[in-house]
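This report refers to the structure that appears directly beneath it.
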Amino acid sequence: MSRVLVVGAGLTGSLCAALLRKEITAPLYLGLWDKGGDIGGRMITASSPHNPRCTADLGAQYITCSPHYVKEHQNFYEELLAHGILKPLTSPIEGMKGKEGDCNFVAPQGFSSVIKYYLKKSGAEVSLKHCVTQIHLKDNKWEVSTDTGSAEQFDLVILTMPAPQILELQGDIVNLISERQREQLKSVSYSSRYALGLFYEVGMKIGVPWSCRYLSSHPCICFISIDNKKRNIESSECGPSVVIQTTVPFGVQHLEASEADVQKLMIQQLETILPGLPQPVATICHKWTYSQVTSSVSDRPGQMTLHLKPFLVCGGDGFTHSNFNGCISSALSVMKVLKRYI
């Protein structure tokens with residue numbers, strides 16, 4: 001039985017795992033490792049520690065799909081819509097700049113439900129808090145080691161973490177990356193920002209006419225979401241959840257600051273925009289070091305093959321463009337090259 005490892009439990013990784021299970025009919029062990037404590041990557045959904053049913057999307061807020069991708073990725077959208085994983089965005093967003101023909105979608109159960117759906121389809125054995133540090137070539141297999149010192153061997157490895165984290169890996173992989181590939185990986189750049197989820201008491205109302213609001217000139221906050229309102233899941237059993245995301249300059253300026261200090265600043269700034277908000281019952285602050293791809297690999301190949309036999313390939317939106325469709329395109333590119341060589 002072939003052993004396959006996918007590194008990264010975001011959209012690209014989970015979709016690669018699901019497509020592998022679908023496309024490869026031979027017996028297959030499929031493992032998926034992520035260094036974080038939860039699945040989702042940049043589509044993570046946080047839960048209130050007081051009520052797990054009260055959730056907030058700390059990463060992706062909604063999906064925008066152009067007419068081109070509505071057609072190109074039609075099967076993926078139809079499947080997710082049919083299962084209720086995605087639904088059309090119907091609540092008002094103040095300051096949103098859309099293009100004619102664009103469709104917008106939200107995930108009623110939070111965007112991590114998309115990842116959970118694909119992981120369930122894949123049947124992968126998911127291991128969290130598995131931070132890959134080394135990849136060695138041994139006996140025509142990949143020996144993958146973590147920061148705890150544990151190591152396992154695989155016949156095929158797919159890396160879907162951000163490009164800077166690929167370049168940090170040690171072992172034989174260092175010499176397998178060509179100079180051109182190294183320069184391409186170094187050319188990928190990301191924006192950084194913070195997100196803060198705030199959970200409020202049951203019965204509290206936030207009296208604004210919008211579900212989300214973009215702020216064009218605020219020095220700290222660029223986006224506010226009344227998250228349960230955005231997803232159209234307002235309930236008498238859950239209090240409202242609010243997500244605020246910072247501007248990129250603020251994120252860069254405070255990248256090394258403590259999350260507690262950043263959270264305090266963000267709440268102070270929120271009070272100037274929405275005065276009168278009561279104290280939340282719980283808060284969750286998240287630093288996005290790699291928030292969105294601002295510059296991807298040139299020509300956007302969708303993947304980067306580092307070794308053929310055994311197969312080692314990189315995927316992710318750093319090889320396409322930074323959004324939902326970029327991740328789908330990358331997963332499809334990875335599968336295309338895999339089917340060609342295995």
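Here, residue 1 is simply the first one shown, and the rest follow in order.
Heads up, the Cβ atoms here are built off N, Cα and C, so glycines get one too.
Note that this is a predicted model, so its numbers are computed, not measured.
Feature annotation from Swiss-Prot assigns signal peptide to 1-17; the stated evidence is sequence analysis. If you look up Swiss-Prot, you'll see Thr12, Arg42, Gln61, Tyr62 marked as FAD binding site, on the strength of similarity to another entry.
Note: Gln61 (FAD binding site) has non-local neighbours Cys212, Phe223, Ser225, Lys230, Val243, Gln245, i.e. same-chain residues 6+ apart with C-beta under 8 A of its own C-beta. In sequence order, Gly10, Leu11, Gly59, Ala60, Trp288, Tyr290, Ser291, Gln292 are the residues of the chain that are 6 or more apart from Arg42 (FAD binding site) and have a CB within less than 8 Å of its CB. Cβ packing within 10 Å was compared across the binding-site residues Thr12, Tyr62, and the lowest neighbour count falls to Tyr62. The DSSP secondary structure for Tyr62 (FAD binding site) is coil.
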